[in-house]
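K.L.:
My questions will all concern the structure given below.
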Amino acid sequence: MKVFLSGSIRGGRQMLPTYQFICRFLRNKGHEVLSWHVADSEVEGKESLLTETQIYERDMSFLQDSECMIAEVSMPSIGVGYEVCSAIKKGIPVMCVHMPDSNVSAMLLGNTYADISVRLWG
């Protein structure tokens, strides 16, 4: 399955080990992680070589090609929220995961849309 992994990049990289774990887990299960750059420890340096438009177009292209999204939402991020909304609009199923004691938005926790789920993990 083609998976879009969403996680905070500019909002903070504290969850990087978690993104790397999720990416590795999905790949080991035979899934293709299109947005693997989220789990790349060098992503900020690599993205500094791209324009904002190039980053947006790349990510939206990955999302368009995805069969589902996994969004790590423990770290508040406008970008992750935008990607989740974009996936919902495109009819792409979304699973949001978060660590215990995370302050997850009510916009996710209270969402009753059938193709979005929020799960505690860790």
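The backbone N, Cα and C atoms fix where each Cβ goes, glycine too.
From Swiss-Prot, for reference:
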type	residues	note
BINDING	PHE4, LEU5, SER6, GLY7, SER8, ILE9, ARG10, TYR19, HIS37, GLU83, SER105, ALA106, MET107	substrate binding site
K.L.:
With the cut-off set at 10 Å between Cβ atoms, which of these binding-site residues ends up with the most neighbours? Options: SER6, SER8, SER105.
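P.N.:
Selected residue: SER6.
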K.L.:
Around PHE4 (substrate binding site), how many other CB atoms lie within 10 A of its CB?
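P.N.:
Within a 10 Å radius of the Cβ of PHE4 (substrate binding site) lie 24 other Cβ atoms.
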K.L.:
Could you work out which of the binding-site residues (ARG10, HIS37) has its C-beta surrounded by the smallest number of other C-beta atoms within 10 A?
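P.N.:
Counting other Cβ atoms within 10 Å of each of the binding-site residues ARG10, HIS37 gives the minimum at ARG10.
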K.L.:
Helix, strand or coil at SER8 (substrate binding site), per DSSP?
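P.N.:
Coil, per DSSP.
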K.L.:
With H, G and I counted as helix, E and B as strand and the rest as coil, say where DSSP puts HIS37 (substrate binding site).
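P.N.:
Helix, per DSSP.
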K.L.:
Tally every other Cβ atom lying within 10 Å of the Cβ atom of MET107 (substrate binding site).
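P.N.:
There are 10 of them.
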